[in-house]
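What follows is one structure encoded as structure tokens, with my remarks underneath.
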């Protein structure tokens with residue numbers, strides 16, 4: 001439709017900013033306002049279509065059969081042809097048929113559609129009045145328009161009721177929060193029966209004041225948003241700068257390597273030339289001696305033969321003595337008949353090892369930590385002395401409040417992890433020394449990121465059973481998955497929710513002697529017990545637990561629960577009765593700082609990983625402290641936030657070292673023995689771990705969204 005273009009630039013600007021529907025890109029026709037305050041056409045808009053275009057151009061999307069809603073007009077492109085005017089409806093066509101909701105085409109906010117559909121949406125009287133003002137006074141001279149009149153004053157008449165034509169809206173229905181006419185309140189089919197109505201003018205100022213208050217409150221957020229925009233833009237700028245710096249460092253590093261390679265090439269070529277020249281010099285000298293000897297023999301033989309065949313008796317006798325001495329000397333002369341040098345000269349290198357090193361050369365270090373969620377704890381925050389060391393612990397978290405792990409990405413070779421060492425032959429807590437010439441190795445891995453069977457999103461705890469099952473707590477998918485010892489999927493159960501039998505954030509998992517599956521639910525603050533088939537049986541710890549993380553079953557059938565948030569350990573009977581509780585927040589022997597998982601050894605001793613204290617602590621069955629081991633670091637026997645823990649049949653303690661992405665093995669007294677070699681498939685933030693019934697180690701590789709089984713040599 002060729003719509004009216006205002007001549008005045010000011011009016012044209014008003015027209016473009018306020019009076020154009022973003023669906024049809026034309027002036028509003030019966031404008032309707034959505035709950036998000038964006039306005040669109042409801043009524044038909046008129047679009048002129050040339051029949052030549054409709055009938056003869058295959059690319060045209062209009063159909064030649066349509067209902068004429070306006071008189072024929074002259075086509076601007078084909079003056080000899082007339083154009084018809086089909087009907088196009090903006091909101092009516094935009095909202096799918098039978099839809100009960102609508103999504104704003106501009107901001108995508110979803111809202112409920114009125115029962116009577118689009119026509120029941122509120123009219124935008126402000127836009128309607130503005131269009132009437134501009135249509136009545138298009139301002140052909142370009143003079144600045146007068147201030148817009150108040151609502152209803154633009155046409156000199158009060159606003160009319162949309163439901164009763166010609167009736168003035170002079171009342172206000174408080175329950176419906178809408179203006180209406182008298183007929184709306186008094187007719188037989190009145191729509192506001194039994195509603196309290198008041199004159200419109202009586203509530204106008206009250207509602208204007210309320211709107212002004214809300215306007216001021218919303219406008220007050222603009223400085224905060226402006227500051228947030230500036231902060232995020234600055235982070236984005238810094239990220240771009242870091243990228244440029246990293247790119248320059250990558251370029252510089254590889255240029256240095258290329259220069260070193262070229263330099264090494266030149267050195268090798270020079271060495272090659274010098275070595276070859278030295279060998280050639282020896283061989284050339286030998287050749288010279290041999291050739292001289294050869295020439296001497298040939299000349300002496302020729303002279304002697306000449307004398308014997310052609311000389312007279314007198315001549316032969318005269319030279320006989322001289323020739324005899326010469327021939328005897330040549331016959332006895334030693335010649336270097338064996339080569340004084342050899343031809344061995346080859347280039348030896350190990351390019352495959354270098355190539356592997358180059359493929360893993362360099363790494364990109366990053367985290368998802370954000371400043372507003374990261375927290376600091378420790379004595380150093382409460383008191384500190386100038387010039388004296390103090391300690392505090394900074395826990396980095398991402399935007400969702402989850403622990404922010406350091407991601408080490410190697411573009412050529414994937415995640416970079418600890419360099420697993422060949423396990424030496426070790427005592428393993430016994431007097432008999434075992435030979436161990438074979439490295440541990442990956443047996444299988446199961447899973448990837450996702451929500452289907454055999455897929456995980458932030459898996460946490462893992463446990464095994466004597467029946468040959470592996471049970472995994474799939475935390476962010478709010479379920480538990482069960483596999484065979486060979487990694488074959490068997491079962492999945494769990495429904496998201498906060499009712500008994502539902503899971504909100506499963507973290508720890510264990511299996512008792514009956515095969516029942518015990519699940520620590522961090523967000524529901526209780527422990528749920530399920531049958532081996534995944535049927536809910538009971539829950540325990542509700543009202544006592546604040547954030548259960550790890551769970552285990554001791555030899556008496558007691559359920560041991562590590563409360564990560566309360567920094568303590570609970571011991572329950574299977575019926576839920578509390579047996580004992582020990583621990584509090586701190587760094588002492590019976591204190592914890594974010595304990596994670598728990599295991600029980602063959603002496604019924606309780607082994608707990610103390611995450612933020614970077615140690616493992618061992619207690620007897622009554623909760624009395626026995627000993628601890630580990631400190632913060634990357635060396636043998638040190639931890640960077642230990643998580644999963646298991647104990648083998650010899651009492652050796654196996655610990656998942658989350659921050660160092662490795663698994664360490666200690667004897668029953670806490671002395672370091674070895675690593676489990678995970679080099680075949682490196683870990684990324686391991687969580688729970690367990691030993692299978694056939695003696696393998698399974699670990700929840702949370703960062704890689706899978707669990708892995710490694711051969712474990714006891």
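Cβ coordinates are placed from backbone N, Cα and C, and glycine is handled just like the others.
These figures come from a predicted structure and were not determined experimentally.
Here's what TrEMBL has on this protein:
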type	residues	note
DOMAIN	156-200	domain 'B box-type'
COILED	201-263	coiled coil
REPEAT	443-486	repeat 'NHL'
REPEAT	492-533	repeat 'NHL'
REPEAT	534-575	repeat 'NHL'
REPEAT	579-622	repeat 'NHL'
REPEAT	626-669	repeat 'NHL'
REPEAT	670-713	repeat 'NHL'
Need a quick answer: max count of Cβ pairs under 8 Å to the repeat 'NHL' (579-622), which of 443-486, 492-533, 670-713 is it? 670-713
The recorded stretch from 492-533, 534-575, 626-669, 670-713 sharing the largest number of CB pairs under 8 A with the repeat 'NHL' (443-486) is 670-713
Spatial neighbours of the repeat 'NHL' (492-533) not adjacent in sequence (6+ beyond its ends, CB under 8 Å) are 453, 460-467, 469, 471-482, 539-542, 545-553, 557, 559, 561-562, 564, 572, 574, 597-598, 688
Tally the residues of the repeat 'NHL' (534-575) by DSSP class, grouping H, G and I as helix, E and B as strand, and everything else as coil. 0 helix, 21 strand, 21 coil
Within the predicted model, mean pLDDT of the repeat 'NHL' (670-713): 88
